[in-house]
Amino acid sequence: MPKNKGKGGKNRKRGKNEADDEKRELVFKEDGQEYAQVLRMLGNGRCEATCIDGTKRLCHIRGKMHKKVWIAAGDIILVGLRDYQDDKADVILKYMPDEARLLKAYGELPESTRLNEGIAGGLEDEDEGAGDDYIEFEDEDIDKI
């Protein structure tokens, strides 16, 4: 049997996410960076995101964030643009929900950006008029069916 020389196994690695509760300084975009909203996760450390400039890009999650910071559809992220590939970008930072609201309040994100709703949340809002299509049936109509 091999001897374990480490300090623990999988369960020890799981309990390292305690630093997320702390308040951190809000990071704004610089040259070569852009804000984006995740459309969908593709697997293999990649996601598809729509940048604020209107371009849909394939984003690669950097190794420091991989399996430590969980990114889901609808999250606001900061991506680093590539000089040599305009359709690809690298995820630098994921904004927490309160940070994303602050970015919107500061005018960094456009007003049309939907926060914390994901892609499914955006679709539900479009169907609000669907409640008007409710049809009341009489008992006689049901018997005919």
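Cβ atoms here come from the backbone N, Cα and C positions, even for glycine.
The compositional bias 'Basic residues' annotation in TrEMBL covers 1-15. The compositional bias 'Basic and acidic residues' annotation in TrEMBL covers 16-25. Annotation source TrEMBL lists compositional bias 'Acidic residues' at 123-145. As annotated by TrEMBL, domain 'S1-like' applies to 22-96. What TrEMBL lists as region 'Disordered' is 1-25, 120-145.
On the 0 to 100 pLDDT scale, the domain 'S1-like' (22-96) averages 91 in the predicted structure.
With helix defined as DSSP H, G or I and strand as E or B, the domain 'S1-like' (22-96) counts 0 helix, 36 strand, 39 coil.
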